[in-house]
Structures are given as C-alpha cells and as structure tokens.
Amino acid sequence: MANVVVVGSQWGDEGKGKIVDWLSERADVVVRFQGGHNAGHTLVVDGKVYKLSLLPSGVVRGKLSIVGNGVVFDPHAFVAEAAKLKAQGVEITPDVLKIAENTALILSLHRELDGFREDAASNSGTKIGTTRRGIGPAYEDKVGRRAVRVMDLASLDTLPAKVDRLLTHHNALRRGLGHPEVRHETIMEELISVADQILPYVDRVWKILDNKRRAGARILFEGAQGTLLDIDQGTYPFVTSSNTVAGQAATGSGMGPGAIGYVLGITKAYTTRVGEGPFPTEQNNEIGEFLGTRGHEFGVVTGRKRRCGWFDAVLVRQAVAVNGINGIALTKLDVLDGLDEIKVCTGYRLDGEDIDYLPASQGAQARVEPVYETLEGWKGTTAGARSWNDLPAQAVKYVRYIEELIGAPVALLSTSPERDDTILVTDPFQD
Ligand code: GDP
Ligand code: IMO
Ligand code: MG
C-alpha cells in the first residue's frame with residue numbers, strides 16, 4: 001500500500017481536481033503541499049460543479065484535508081472559498097480541515113505587487129501572465145525570512161514588529177515603483193479582522209501526518225500547477241514560484257521522502273497553457289480553436305482562454321523523469337473524438353539538430369520546433385466510457401502510443417468531467 005502524490009505533468013489544468021476527488025474515496029487524508037489560490041481545480045459530481053482554489057479537493061467528500069506548510073495562504077481568500085462551498089452544501093469545519101501553523105501568508109500587498117509588476121511588464125512586453133493572486137511576492141517574502149505566518153495571527157504581541165519588518169521592505173519597493181506606501185494599521189487590521197476565522201483550523205500538521213502515517217492511513221498529496229510551471233524544472237521565467245514536482249510533497253507537508261509512494265502524473269490527451277511563455281506544439285489555428293471549444297479550455301481562476309495544442313511527448317517524458325512518475329491519469333481523451341487525424345510531438349529540432357528533451361535556456365525553448373507523428377483519429381466516441389472495452393480500437397492505439405513515448409503506463413483514464421466517468425487500470429494505492 002502506497003501513499004499517492006498527484007502532480008500535473010504539463011502546464012497545469014490537466015484535471016488534477018477531478019482525479020484527486022475520485023481517488024480521495026480511497027484515501028484517509030488529502031494534503032495540498034504547494035501553490036496557493038492560483039490553482040483552480042474543478043470537480044463535477046452528479047452534474048454539480050465545485051471549483052476549488054485553496055482547499056484540498058478531499059473536502060468535498062468530507063475527508064480530512066490539510067493545507068501544508070509549502071502552500072502560500074491568503075486568509076481572506078480562504079474565508080471566501082469556505083463560504084462559497086458552504087452555499088453548495090459543503091461545510092468546512094476544524095474537524096475536516098487543518099492548516100499548518102508554519103504556512104506563509106499572502107497579504108493584500110503581495111497581490112498588489114503582483115499586479116504592479118504585471119502591469120509594468122505588459123507595457124514592455126515582458127509579463128509572465130500570472131494569476132495576480134500575489135503568489136510570487138508571497139514566496140519571495142517567505143524565502144526572504146520576512147513573511148507573516150499563520151501562527152503569527154495568534155501572537156498579537158509579536159505581530160506588529162513582523163508587520164513593520166515586512167513593510168520596510170515593501171514600502172521601499174512601492175516607492176521605487178511609484179506607488180503609495182502601505183500603512184502599518186492597514187495590514188494589522190487586515191490580519192486582526194480575519195484571525196478568529198483562521199485560528200480554529202491551525203494545527204501542528206507535521207505531527208498529525210506523522211501519527212496518520214504510523215497508523216497506516218492512506219495519504220493523498222494534491223499538487224497544483226504542473227511540472228512545466230515548476231520554478232526549477234519549468235519554462236523559467238514563465239513559471240509559478242513554487243516547486244510543483246512530486247519531491248515537494250514531502251517538504252511541503254512536513255514528512256520525510258519515504259512518505260511518497262506512488263507518483264501519479266495527471267496528463268491531458270493534448271496540451272494547454274495559460275499565460276505567457278514557450279509552447280512548442282501550440283496550434284494558433286482552427287485545431288487550437290477546436291480543442292479549446294470542445295475541451296472548454298478557459299481558466300478557472302482568471303477566466304482567461306487557454307492556449308491549446310497537440311500532445312507533446314517530449315515534455316511529458318521529461319515530467320515522468322523529474323517527478324519519478326509511476327503511472328499517469330490520462331484525461332480529456334474524449335475531446336479528441338471525431339478528429340480525422342491526431343498529431344503527437346515525438347521530438348524537437350533545435351538549430352538543425354534533433355533533440356529528445358526540452359532545453360533549459362529561455363532562448364532555446366523559444367526556438368525548438370516540434371517533430372510530429374500523425375495518427376489516424378477514431379470515428380466512435382470515448383466520451384463517458386467507463387470500461388476499457390468501450391473504447392474505439394484507434395483510441396486504444398493512441399493511448400498505447402503515448403505510454404510508449406513517455407515511458408509510463410496509464411493507471412487511470414478519464415472520459416468526461418464527471419467523477420464516475422473514470423476507468424481504473426491500476427490502483428495507485430495498491431501498486
Ligand atoms: P486542474 O487544475 O488540473 O484540476 O484542472 P482544471 O479543473 O483547471 O481543468 C480541467 C477541466 O477539464 C475541468 O473543467 C474539468 O471538469 C475537465 N475535465 C477533467 N477531466 C476531463 C475529461 O476526461 N474529459 C473532459 N471533457 N473534461 C474533463
Ligand atoms: P492548476 O492547479 C494553469 C500559471 C499562470 C502563469 C504562471 C505564474 O489549476 O493547474 P502565478 O500566479 O502562479 O505566479 O502565475 O503560472 N498558473 C497556472 N496555469 N493552471 C494553474 O493551476 C496555474 N497556476 C498558475 O497562468 O502563467
Ligand atoms: Mg486548473
């Protein structure tokens with residue numbers, strides 16, 4: 001029996017929320033270990049749509065859910081998300097949700113700084129296309145050792161000095177960027193006004209997880225974003241500000257690396273990306289429009305249209321390596337139903353040479369040209385299939401070809417947004 005880490009193997013939005021929700025039936029605890037409310041995870045249960053950004057997808061089933069120390073936590077966004085879920089019939093209580101006491105907070109000044117930088121960069125054509133949620137600035141302050149953390153909400157005697165320290169840094173930045181300074185009282189009020197709504201959830205999460213692990217509980221780690229958005233392994237600088245890869249599941253929850261068992265890479269049957277940055281197989285044409293329309297490819301958090309393109313086996317093969325992916329959950333195969341032919345990128349050409357990896361440099365990433373293999377499409381439908389035998393032969397061929405190219409097997413196959421339209425090939429918890 002293994003604990004399972006779910007990670008995105010592309011640029012995010014692979015269907016992690018759906019798969020975590022499905023798997024959470026078999027889990028005892030679900031843990032978010034990085035990112036923040038830049039994530040947008042969609043679950044569809046009997047036609048009812050839940051969109052989660054900060055909370056682990058396990059909350060919808062009422063599973064013990066944990067916000068780990070690797071997350072950056074916006075307390076006001078949490079309160080809003082909990083209220084939204086309550087209106088949908090999902091009650092978040094301190095019995096169900098625990099927030100690690102050592103988690104760094106996202107404050108309004110982080111969100112503002114994110115926006116100031118993106119606005120300034122838009123004018124010079126160098127923006128990242130962030131979600132503007134303050135994720136990058138909050139991680140900067142964490143690493144810069146000046147963050148306000150969740151536990152600080154309980155220590156009103158030491159909080160003012162921490163806020164002063166933070167403001168010394170931020171007000172210097174804001175002056176430099178030509179924006180008004182933030183007052184100490186503003187941030188104190190922002191924190192004090194929300195403290196009572198957060199503190200009941202705050203706990204010594206590493207201890208809870210250690211006890212659970214010793215008791216043989218099944219732990220499901222829910223990644224956000226995707227491997228190509230990882231701060232080290234991704235398409236830097238067009239990435240998010242955290243490690244999104246599987247190794248972070250241990251660090252970001254306060255467990256040892258031995259707690260990571262099976263690594264499940266959530267993989268879309270084609271490729272999408274939101275925001276700026278290289279995208280070798282992007283189809284800025286009717287194929288991209290078809291994929292976007294059929295796949296409803298609009299961002300959950302910002303509503304932005306997602307860029308769409310063919311499946312890129314080079315990227316996913318690399319994701320298999322850097323995460324130690326044991327198997328993938330292949331999602332959205334149904335979006336390809338009815339296409340006459342389907343292209344798959346099997347390698348790149350860079351400056352006249354064939355390569356089988358994504359180079360690390362920004363310039364080279366922008367220059368690589370995809371090399372495609374063209375496969376015949378299928379006439380029947382995979383949408384809503386719940387058994388392998390229901391799949392058209394040509395669709396099975398596509399799946400098998402992908403497995404071969406990326407060097408990992410399909411453990412789960414998803415054929416619609418609905419929770420139960422999922423085919424189990426190998427149970428990651430049993431593998
Ligand atoms: P996440 O960020 O990885 O959790 O993914 P998102 O929720 O942002 O985006 C995935 C979208 O695809 C959501 O709208 C899901 O409801 C939907 N989805 C997930 N799996 C499938 C599938 O197999 N087929 C189809 N058609 N849609 C799916
Ligand atoms: P889920 O968990 C897709 C992208 C943003 C931008 C870059 C940096 O739903 O898969 P940030 O706000 O993190 O500083 O933005 O990362 N991005 C995502 N793209 N899915 C996500 O999350 C994303 N979270 C961030 O669009 O390009
Ligand atoms: Mg998403």
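Yeah, the Cβs are placed from backbone N, Cα and C, and that goes for glycine too.
What TrEMBL records for this protein:
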ACT_SITE  Asp13  active site, proton acceptor
ACT_SITE  His41  active site, proton donor
ACT_SITE  Lys142  active site
BINDING   12-18, 40-42, Arg306, 332-334, 414-416  GTP binding site
BINDING   Asp13, Glu14, Gly15, Lys16, Asn38, Ala39, Gly40, His41, Thr131, Arg145, Gln225, Thr240, Arg304  IMP binding site
BINDING   Asp13, Gly40  Mg(2+) binding site
BINDING   Val300, Val301, Thr302, Gly303, Arg304, Lys305, Arg306  substrate binding site
Report task. Would you mind sorting out which binding-site residues among Gly15, Lys18, Thr42, Thr131, Val300 put a C-beta under 6 angstroms from ligand 1? Result -> Gly15, Lys18, Thr42, Val300
Query raised in the report: Out of Gly15, Lys142, Thr415, which of these recorded positions is nearest Arg306 (substrate binding site) by C-alpha distance?
Result: Gly15
Query raised in the report: Which of the recorded positions listed here (Asn38, Lys142, Thr302, Arg304, Lys305, Thr415) have a Cα atom within 10 Å of the Cα of Asp13 (active site, proton acceptor)?
Result: none
Requested in this report: Work through the binding-site residues one by one (Gly15, Gly40) and point out the residue whose CB has the fewest other CB atoms within 10 angstroms.
Outcome: Gly40
Report summary line: Val300 (substrate binding site) has its Cβ surrounded, within 10 angstroms, by a count of other Cβ atoms equal to 18
Requested in this report: Write down the Cα-Cα distance for Lys142 (active site) and the residue listed as 'active site, proton donor', rounded and given in Å.
Outcome: 25
**Report entry** Whole-number Å value for how far Gly303 (substrate binding site) lies from Gly15 (GTP binding site) (Cα to Cα)
**Finding:** 16
Requested in this report: Determine, from DSSP, whether His41 (active site, proton donor) sits in helix, strand or coil.
Outcome: strand
Query raised in the report: For the binding-site residues Thr131, Val301, Thr302, Lys305, Leu333, which residues place their CB under 6 A from an atom of ligand 3?
Result: none
**Report entry** Any further residue of that chain within 8 Å (Cβ to the Cβ centroid of Val300, Val301, Thr302, Gly303, Arg304, Lys305, Arg306) of the recorded substrate site
**Finding:** Gly40, Val274, Phe298, Gly299
